[in-house]
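K.L.:
Pasting a structure here, questions to come.
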Amino acid sequence: MQKLKQQVFEANMDLPRYGLVTFTWGNVSAIDRERGLVVIKPSGIAYESMKAADMVVVDMSGKVVEGEYRPSSDTATHLELYRRYPSLGGIVHTHSTHATAWAQAGLAIPALGTTHADYFFGDIPCTRGLSEEEVQGEYELNTGKVIIETLGNAEPLHTPGIVVYQHGPFAWGKDAHDAVHNAVVMEEVAKMAWIARSINPQLNHIDSYLMNKHFMRKHGPNAYYGQK
């Protein structure tokens with residue numbers, strides 16, 4: 001697990017480096033599917049003092065199997081998403097400014113241009129609000145459930161992120177670094193959408209044929225963007 005702990009540590013350290021977190025906000029995890037174990041950031045530990053050895057290993061029920069700290073308070077959300085979506089290898093949660101602003105507004109981040117379409121096939125959805133019962137009960141587990149409810153049967157890697165109403169963004173990917181990459185992009189396109197709609201409140205979504213082209217040339221079966 002040392003290699004995965006190092007990867008998760010590095011991915012967590014990328015959050016302040018890319019300006020996605022303040023203080024101890026945010027967390028990144030990754031899963032070892034063969035062993036059924038998840039590595040995640042410890043709860044409330046400052047990034048400046050954090051080490052790879054501090055990463056916490058939990059099983060799929062959330063039981064700590066390695067580590068001296070409590071795991072992130074959002075662990076149950078991560079585990080619920082891993083259980084539902086076998087294609088996920090890494091998950092990140094932040095309170096990055098612009099993506100969180102869309103979450104607080106209760107609005108999906110609209111697909112307005114090709115930067116968005118290069119990574120997200122359509123709008124980045126916003127969940128419904130959790131009920132008082134859901135919040136007072138198993139809050140973090142229910143956060144995962146409302147994300148799954150919103151995504152439905154969609155392929156999560158085609159829309160590798162979501163904003164949870166009145167909370168903030170979650171993003172995911174093939175591994176921890178890919179998840180952070182998608183979280184960085186989500187914050188950037190959230191900012192772009194806010195600026196664009198401020199300039200032109202009547203701005204329409206990106207044309208579907210242009211969105212399809214940009215997404216498929218990077219992620220489709222005949223993708224040709226980048227190097228083999």
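Backbone N, Cα and C define each Cβ position, glycine as well.
Note that the coordinates shown come from a computational prediction; the quantities given were computed from them, not determined experimentally.
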K.L.:
Need a hand: Swiss-Prot gives Asp74, His93, His95 for Zn(2+), which of His116, His158, His167 is also on that list?
P.N.:
His167
K.L.:
For Tyr225 (active site, proton donor/acceptor) and Ser43 (substrate binding site), determine the Cα separation and express it in whole Å.
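P.N.:
Answer for this pair: 38 Å between alpha carbons.
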K.L.:
When you measure from the Cβ of Ser73 (substrate binding site), how many other Cβ atoms are you left with inside 10 Å?
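P.N.:
Ser73 (substrate binding site) is surrounded by 12 other Cβ atoms within 10 Å.
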K.L.:
Just name the winner among Gly26, Gly44 (the binding-site residues) by count of other CB atoms within 10 A of its CB.
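P.N.:
Buried the deepest by this measure is Gly26.
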K.L.:
Taking the Cβ of Asp74 (Zn(2+) binding site) as centre, how many other Cβ atoms lie within 10 Å?
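P.N.:
Asp74 (Zn(2+) binding site) is surrounded by 22 other Cβ atoms within 10 Å.
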